[in-house]
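Q: Please see the structure below; I have some questions.
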Amino acid sequence: MDMLMMWSICLFVCIFMAPFSCGSGSSSRFIQVPESQSIVENDSVDFNCEATTDPSTDLHYEWLHNGHQIVYDKRVYQIGANLHIESVQRGEDVGDYVCIAMSLSSGAREASPTAKLSVIFLDSASVQLLGSNRNELLLKCHVEGASGNEALQIEWYRNSAKLSSWQNIELDEHRLLVRQPTGSDDGLYRCIASNAAGRVMSKQGFVYQHQQQQQAGAKCLPRLKKNQKFLPESWGKQIFLCRGKRGGNVEAGLAPSPEGLRLVQGPDDQITIKEGEPATLSCLYEIPAELQNQRIQLRWRKDGKLLRQVELGASLPRGMGNPHNGHSLDGKDALLREDARLVLHKANGTLSFGTVIASDAGQYQCQLQMEGHLAINSSPGILEVIEQLKFMPQPTSKNLELDAAVAKVHCKAQGTPTPQVQWFRDGVNTTLPDQVEVDLNGTLIFRNVNADHRGNYTCLATNLQGQINATVSINVVVAPKFSVPPNVPMEIAEQSTVVIHCQAIGDPKPTIQWDKDLLYLSENNTDRQRFSFLENGTLEIRNVQAEDEGRYGCTIGNSAGLKREEAVLTVKTSSTGGGGYVTEESSGDGGFLATRAVLITMTVALAYIVLVVGLMLWCRYRRQARKARLNELSIKEAGGEQAGGEGSTSGNPKASEQEPCLGKQQRNGRNGKSKSNGDPQKSDDTACSQQSRASKKSAHIYEQLALPRSGLSELIQIGRGDFGDVFVGKLKASLVNNAQANDKDSDNDKQHSNSENGSGGSSGSTTLSTLNEKRRSKTSMDDIEEIKEEEQEQQQSQQQQQQDQLVMVKALNKVKDEQACQEFRRQLDLLRALSHKGIVRLYGLCREKDPHYLVLEYTDWGDLKQFLLATAGKVNTATTATSSTTPLPPLTTSQVLAVAYQIARGMDAIYRARFTHRDLATRNCVISSEFIVKVSYPALCKDKYSREYHKHRNSLLPIRWLAPECIQEDEYTTKSDIFSYGVVVWELFNQATKLPHEDLTNEQVIEKSQDGTLKWTVAESTPESLKEILLSCWSVNPKQRPSFSQLGAALSKAMQNSE
């Protein structure tokens, strides 16, 4: 309680003094602030931010977008202090960005100036009419887009000629003004807008006709109502306004066509012609002599739209006349386009086609019109085109991605009549493979693409004209994927060596290309003495220099596509360091800001003190209530036992605080009988002991395992496990002898403990005496051999008493993690309960202070997996420094069988003790120079063997070694250990050079394991006599798996046959 009060007072002082120590502590200032930018949509953008402080590593950076903290994903992420946005979107990323630099020591925050991000895009353009009369024509180019800080470029075109400010034409930004327009200004007006995002033309232009503007008149005439004959006298001086209907067309008042002007002959009613042949449409006309000087136009229309026209009478300098009965023509009413195939003959009005194409089919009509008069129309004629049989477009070869759900290859044929499309494989009249079909449109559909779909496919199109075919090649490829992507941002010291991994899989085999800051790297443009491009794609840089710092990108690609990942390399130079500085505040507002800061700080500190005092009172009340309950329970128990228990625990109250994992079992040992009296009220201190149900003598057992921390020496870290670091070191010989003596005492204590607990204990504690009897009866499958081995061990132990013992030390760092503590106790109980040659020995437990140390037996050759890799030539030496540097020869089949047999014996001992291992693999076994293999439990899941573990349901699991029921239901039994043992034998015959199912990702392994579709096969070098029993180890049904005794018998028989 006193410590808590002192801690609260210190915290209050720190909070109170925080506003006055900003200048001399770890305050920060920006040396690089983010700048406002305009980015083209779908491009990437980087906002740079850098602050300095003392020390320089005391900063944490955050980014705000429009006042809200950014949630990072694959598109928006932070690289160091900088913010990177991939594929900018105008709907999500536009706005204000602020960089926040926060000191981790003082909590002070500094915000950078706001940087604005604007997106440049360009969607569409259209021409709008703002005004049109006899004096001027005003058009506007309306653009859907944005150009940021740059101006939008607008270009105007009349027909196909580009316009500029000249004579009566003025261009002002988006507007076009034509002053005093004449017939020479007639035409189709379009605009083109362009910026950094691209260039777009208006989809619809504006057609201006000067003659129509002059002759247009309103058809709205003033008239009286039906029941009104006279105007009221009061209306004599009124002004009446006549308006046309809003949105309607204003038509010109046209006179009937003059006599004598007529069409003599129009096009035929039905004309049928083959595609590619010439065609002629007739239109004979007569013009009287008195009308020769009038302006008369001959027009051809297709499907109601103007196609061609020509002036027959007096010609104007320029213009299109007055087509379409006085209505203005826009893009929808005209088909005027440059086409050399179409020729309109002025002499006889004939429209001729050089070669007919399919799009020429339609309804044609000839029209004759005199200026200011109604048009004369011929009867329509239908042009029908017999289209040639052809592919539109031609089918092309294609690469299909393996395992794609659906892939399509199109084959579209056109012709008259409509052709029928068929597909064949490797020639004509051959059937298509499975999961390949053809739809009604002639599209070839592949479902669940696999390697059997490779080949040549022929598309055959037939109709009455004949048949045509096209052959395409279908290749099944695997898109490139990163098997080992580049590392996350790395920091490396100058003149050291860095390895940036980049490995890829795919079919065809992907090529790997490195670049630095978007500049390609190769052996020609790099220092070959420092840069090495390994065969698997990894980039190695030796003797790192300051100029090597940057962004390294790895691009993988094959015919199926490209993928790219980046890694940021930061080089720490010897001169790197932070200089102290003092932040100067303005003198004008300094006093007010300081006063406000002090008031806020004192208010927060006062509220915090009130909260702490309240918690202290509540904790004191809880502790007194708990003591009262414990005293009440102690009175009900035997008096002598109560006094002894209190003396063992209350005498050292700090021990339980320092030992959160094992101290609970001590208290349970004192109050062990309270669990059987049926009292529903149980204290918080016994919660963990209720789950473990250890005996009340467990404290005495742990005391027998106690080892002084000073007995350990030469500790070298070899990795990190799930609950702490793992070391290799040496244990004094005297402590090893004491541990061997304590083993005998612990066996007696176990029997005594079981007799006291009776039948009310758990399965693990009640069977210890039975286990010892079985161990002494020597009735298991390896009893006879163990008798001989024990004699050899006694001789070896006498020789080793004079030298220190090589040990493995597992540290429990996560003392507050209940799950880690539970697993620590499980491994401790497992190794403490077993005494077998195939299992590593438990020498003791160091629990004087945090972290706890679990001291286990270790061997001179280290873990089995590294030994297998060394014999396969994959590594140079074994794990430990004491191992020999002489290359090891490859293992023979007899040696592999011997290793598997020893592991089976050790696992059979675990089974007979009614324990499960849960992580059996070659990495968790050790081997000595005497070729003795023992089952151990390093479990280096955090670094060395992190690839062999996967986080599933908030736990790191070796999913490639686990049975399906372990992944689905978290159910571990001896049968699940047998499943893992089958994988271990697979590793042994493969020399541990491969991962099980290395062609599948971890997620795919989990999915197939849960579906029961994960297929296992034995290694190629496995003896025939073992294949059947090893395959049964991987049975989905646990009851169909063999026992370890059966596996040991099969291995023993195979060893005899191999000899």
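Every residue number used here counts from 1 along the chain in the order it is shown.
For all residues, glycine too, the Cβ spot is worked out from N, Cα and C.
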Q: Choose one of Cys366, Cys459: the cysteine that Swiss-Prot connects to Cys411 by a disulfide bond.
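A: Of the candidates Cys366, Cys459, the one Swiss-Prot pairs with Cys411 is Cys459.
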Q: Annotation N-linked glycosylation site per Swiss-Prot: which of the candidates Asn429, Asn757 has it?
A: Asn429
Q: What's the CA-CA gap between Cys366 (disulfide bond) and Cys191 (disulfide bond) in angstrom, rounded?
A: 33
Q: Give me the non-local Cβ neighbours of Cys283 (disulfide bond): same chain, 6+ apart in sequence, Cβ-Cβ under 8 Å, ordered along the sequence.
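A: Non-local contacts for Cys283 (disulfide bond): Leu263, Gln265, Gly266, Pro267, Leu298, Trp300, Asn348, Gly349, Thr350, Leu351, Cys366, Ser378.
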Q: Within 10 angstroms of the C-beta of Cys411 (disulfide bond), what count of other C-beta atoms is obtained when all protein chains are considered?
A: 24
Q: Among all the protein chains here, how many other CB atoms are within 10 A of the CB of Cys459 (disulfide bond)?
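A: So the Cβ neighbour count for Cys459 (disulfide bond) comes to 25.
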Q: Could you round the CA separation between Cys99 (disulfide bond) and Cys411 (disulfide bond) to a whole angstrom and send it over?
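A: For Cys99 (disulfide bond) versus Cys411 (disulfide bond), the Cα atoms are 55 Å apart.
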Q: Could you give the mean pLDDT over the topological domain 'Cytoplasmic' (619-1059), rounded to a whole number?
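A: So the average pLDDT across the topological domain 'Cytoplasmic' (619-1059) works out to 76.
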Q: Using a Cβ-Cβ cut-off under 8 angstroms and a sequence gap of six or more, which residues of the chain neighbour Cys554 (disulfide bond)?
A: Pro485, Pro486, Ile500, Cys502, Ile512, Gln513, Trp514, Gly537, Leu539, Arg564, Glu565, Glu566, Ala567
Q: Using DSSP, how many residues in the domain 'Ig-like C2-type 1' (28-112) fall into helix, strand and coil?
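A: Counting residues per DSSP class in the domain 'Ig-like C2-type 1' (28-112), I get 0 helix, 43 strand, 42 coil.
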Q: About how far apart, in whole Å, are the alpha carbons (Cα) of Cys191 (disulfide bond) and Cys411 (disulfide bond)?
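A: Spelling it out, the Cα of Cys191 (disulfide bond) and the Cα of Cys411 (disulfide bond) are 38 Å apart.
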